[in-house]
Structure formats: C-alpha cells, structure tokens
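So that you can see what the record holds, here are the features copied from Swiss-Prot:
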type	residues	note
BINDING	254, 286, 390, 393	cortisol binding site
CARBOHYD	31	N-linked glycosylation site
CARBOHYD	96	N-linked glycosylation site
CARBOHYD	176	N-linked glycosylation site
CARBOHYD	260	N-linked glycosylation site
CARBOHYD	330	N-linked glycosylation site
CARBOHYD	369	N-linked glycosylation site
SIGNAL	1-22	signal peptide
SITE	250	site 'Conserved cysteine within steroid binding domain'
C-alpha cells in the first residue's frame, strides 16, 4: 500500500531574506563534536549531489530546493524502516554507519531542529513535521515515540478512503503552518495513500544591506541566445564580498542577512553554467570563502519568483535510494498492519526575492565616497543562488535561475 512523503519549504524575502538563526555563532564555534555539526559534511554532500541530479533532469528549468528539509524528512522516514531499506536510505543520505550510529544521526537532526527553532525576534521561523495516518492503520508505539522525540512530529488521524477530503485537510494544515504561503501541496496528485509524512519549513529574515527600492528598473535578462525577457532589476551600490574566480568561469558575491546565514550569488560566464555546477562542492565553497575580498560593487540582481513541485523518486533512485519505491521496501517499524512502499517523495518550493529590508539605522545600505570605479556586476543571465546557515553549516537552499519571469 502506498506511503507518501512530502517536504515543502518557503523562502520569501519580502522583507529581505527568509532564513533561520540558530544561536550565538561565537558560542563553541569550532566545537565540531556537537551533534548537529557531525551532520554537516554528509548534509552538504547530499545537497550538492541532489542538486546536480535535478539540474541534469531539467537542463532549461528553474530549480529551487531546500536540501536540509529533504534530508530531515528522509531521516525521519528511516525510523520506520528496517534492514536493507534502512541502511540504503541512511547511506544514500551520505552517512557512514560504521563511523556514526543511527542514534547519533537522529540526535544530530534533533539538535538541528532545536537550533532552527531558536530564531531571533527579528525573524519568523516555523519548521515542523507531521504524520497523517489512515484510521484503519495501527501505528507502532515505538515509531510514534521516536518521531516525536527526535523530530517533534505530530501524528494526525485521517480518513484516506475519502482522498479528496483528506488531501484538502492536509493542504489546509500545511497552509496554516506556513502562514498561507505553501498552498495546494496535493494539487494534481490523485494517488490515494494510507500514510503521509510532511516536512515543512517557513522562515523570514532581513538583508543586512537591503537593495534600494527606488533604484529598481526594468532591464533585459538574457535567458539564452534567442530569448530575452524584461525583468525588474534591483540595485545595491555598496561594499560587498566579491570574487572573480580564476579557476572556474564565474563571478560571485557573498551577502549576509540578519542571523547566522550567508548567501552566495554566482554568475557563470555565458554558456558555462554546467561547468560551474559540476564543480560545486565543499572544497569549492571553502576556496570561494577564502578568496572573497571587500569591494565596491554596483550589484544588479533581478527580482525573482519561482514555484515548483519536484517528485524526487527518480532522482533518489539514481542516488542509490531505491528500496523505498519497490515491493522490497521494509517499513515494518511503522506498522505491522500492511505492506507499505513509497509511491512519491514530493518537495514543494517557493522562492521570492525582492528589495526590502529592516527599516532601522544602519540597515539601509552603505553610501560610498568612491575613490575608484566600482565593479559593475549584472545578473542578467542564468545564475546560481546558495544559502547556508554558517553556524550549523546547513545547506538551506540551492537554486538555479534560468528565467526569472
């Protein structure tokens, strides 16, 4: 019988950038023994692998995902699996089970969840998990206890015999939890289920240096050699961390937002998007971070709105997580009542990017008395966005913007 797993997220910087603040970034900053820090390497490696697979499957489409959301949802699901299914799932997420126990993995996600929940008052943060269970199914008490303990997941009874009503109820639940920003999660999906797992993330933060609202102008965006679209192009003239990479064909800037996060905007040279994406790794990010210099930059970035639903089943199978979708799936730690297998792993993402920031002293950008000509950097062709929480080193979001319209 089918089991559906959904992850959904929202990054909506209508007041800057939607993000998370963990805790004091100076506290035990180098203490990599913290449970959540033990996840960092595996989570980032999984993030780039998943991103590259999705990009390859949709070479001309916008891509926007929250890797940490997907990792957390799949890790939670692993609590209900046994045997080869469990080992394959955790190894597919990048964990070496000879080096890290399953308990340590789940403790790491538990601490990560708790840190994300400790957002600053200037941020809005909602992150959660929910399990929707058909009334005919008896959930094993151990599974219910584990997902509540590690992932603070709610368990809600549903009547999946009436699929239309059940899907509306789940849509309503997610809509309420994400303050009306994630809607119609089940739109266009007609597969009945007896158990649905949902992971959702909603968060809002602010640019430390907002874009100048009055400077936004309509400009050309060159999608490809034959397609040009008009976009509202934002402008920020300030001191920004900038790098013209000598090894990869790209330029990039790193910008901070209120909290513990950082965002990279990467502009590949014309026709070199795939070259840059292929090189994305932890080593590349470390090299970029070390090479950035504070520069006077006139930065032009288009206002972006992207919405998409991704069925991750084929991608996960390519990445070695295959048992979930076959009759070999072993979900015997969820219930003894039925033979379950995953029919879908769906991830819904929404991205909006605009100018606004916190209206406080020192947060409206930097006015410069230029002694040299500023670098002019126009994101008027396909580009990459990466957002990290630099306390937990979580890969919050990865995007490829092919067409911002």
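Positions of Cβ are set from backbone N, Cα and C atoms, glycine also.
Locations of recorded Swiss-Prot features on the structure.
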| residue | record | DSSP (3 states) |
| --- | --- | --- |
| 96 | N-linked glycosylation site | coil |
| 176 | N-linked glycosylation site | helix |
| 250 | site 'Conserved cysteine within steroid binding domain' | strand |
| 286 | cortisol binding site | helix |
| 330 | N-linked glycosylation site | coil |
| 390 | cortisol binding site | coil |
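A gap of 29 Å separates the Cα atoms of residue 176 (N-linked glycosylation site) and residue 393 (cortisol binding site). Apart from the site residues 254, 286, 390, 393, the chain places the Cβ of 262, 285, 289, 388 no farther than 8 Å from the centroid of the site's Cβ atoms, the recorded cortisol location. Taking a C-beta cut-off of under 8 angstroms and a sequence separation of 6 or more, residue 254 (cortisol binding site) has the following same-chain neighbours: 240, 241, 262, 263, 264, 288, 289, 292. Nearest in space to residue 286 (cortisol binding site), taking C-alpha to C-alpha distance over the recorded positions 96, 250, 330, is 250. A separation of roughly 23 Å, to the nearest angstrom, links the Cα atoms of residue 250 (site 'Conserved cysteine within steroid binding domain') and residue 390 (cortisol binding site). A sphere of 10 angstroms centred on the C-beta of residue 176 (N-linked glycosylation site) encloses 11 other C-beta atoms.
In this structure, 96 is the one among the recorded positions 96, 250, 390, 393 with the smallest number of other Cβ atoms inside 10 Å of its Cβ.
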